[in-house]
Every structure is written in C-alpha cells, then in structure tokens.
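Student: Right, I'll just put the structure down here and ask away after.
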Amino acid sequence: MGATGVLLCVVLHFLQMVTQSSEKFTVTGLQRPVLAPLGGNVELSCQLSPPQQAQHMEIRWFRNRYREPVYLYRNGKDLHGETISKYVERTELLKDDIGKGKVTLRIFKLTADDDGSYHCVFKVGEFYEEHITEIKVTATSSVMYILMQPPNIKGVMLECHSGGWFPQPHMEWRDNKGNIIPATSKAHSQDENKLFNMTMTLLIEASSHRSITCYLQNLLTHQEESISIVLSDCFLK
C-alpha cells in the first residue's frame, strides 16, 4: 500500500472515531408527569440510549433557562457554585449507574414553585441530547369552614372557605342527595407560597335546601375534602 493509501486509511479511521465519539445517543426517561406531594421528595431519572459511560460528559438539569441549572455535573465534579441558589441545599445527583449512562436528580422538600418541567441534558463537545420530565406538585387541605351571613328577605348566604391547595382544586356545592347546586359566586387567590385559597358562596332561598355540603377535589390525585351544614327551618322562613 502506498503512502497515499496509508494516509487515506488513517483519515478514515480518524473520522470513524470522531463519529463514534460525538454521536448518536438519545436521552430517555419517564414519559408521564411525576406526581409529588408538597414538602416531599422526588427523583427524576434519565438514561443514555444506548447505555454507555457518561462520567466524562457534562450533565445538566435546568428548568426554563439553560444557563441557570438546577444541577450541573462536569469533568467528574458537581458544580454547586453554578446552580440556582435555592436548589443548592435541596438537590443531589445520584451517580451509581453513571457507567451505564444513567443518573437521577433528587429534589428535597418540594414547594409549589418546583412544579413544572425539568430538562436533563447530556453533552459531549458540541453534541448534546435532552429529555424533559414534568413534576406536578400536589397539596390537599382539610382546613375548611362554612360561614353563614345573617338572613335577609332574599334568604341565607353561605360562604365556604378553604386554603392550602395545589394546584387549584375543583369546588362545588351539593345537596343531601349529592346533586350539584350552582354556586352564587366563586373566587380564589394564591398566597406567598403559591398555594390556592378558595372561596365559594351560595344564596339559600326560603323553602330551599336544608342540608348543604361544600366539596373540593384535587384533580391530579382525586383526593376529596368536604364539610356540611344543616339549616334549621327558622333560617329559611
């Protein structure tokens, strides 16, 4: 083989090595959202496909902005100084299976602000792939009460209040047979922790319903809470 042939073989071999090392992997993970309770912990895993060593790669978890990582691993080190401050003390990266290309992000003490999408990025040189997993934080509250306004000629006004829900729950009035009674009004607000406070009113007219239930449901977990009130005839005359 001449010098030209040898050089061609070397070039082709080099190009093959570059192609193999820069490649051809995808990142997989859960396809469905992860439900996690407020104040609890959650684990998000992602995996190279095909499985391969990832210790030399940059592994980045971020939310809305690539340059504001929730967690960053590079050159075999955890770079806490480059991550968002609110996650530094609440996250860790489990690397037991990094030799197979699998890592797991663990987030502690979940808040409503942690709700949303998380990008897992594996990067080698200029080549990268990602997988997106969604966390849905949930909170259900048993703190609820019904207020009754003084009766007037129109009837009796009831107010149902409950706070500490996430996300915004479904809320309705029901009679003693479980039938839905249209609310007079509904309102909600969010506190400094982004939890929902719910208010619903109902005007009860004379000769109307005697037993009324205020019902709330978390639409993600289907957990339910309710409180009932029984009105005496003297209020509905």
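For all residues, glycine too, the Cβ spot is worked out from N, Cα and C.
Pulled these features from TrEMBL for this protein:
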type	residues	note
SIGNAL	1-21	signal peptide
DOMAIN	23-133	domain 'Ig-like'
DOMAIN	156-228	domain 'Ig-like'
Student: Provide the three-state DSSP residue tally for the domain 'Ig-like' (156-228): helix first, then strand, then coil.
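Tutor: Once the DSSP states are binned, the domain 'Ig-like' (156-228) shows 0 helix, 45 strand, 28 coil.
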Student: Could you tell me how many residues in the domain 'Ig-like' (23-133) are helical, how many are strand and how many are coil under DSSP?
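Tutor: So the counts come to 13 helix, 55 strand, 43 coil.
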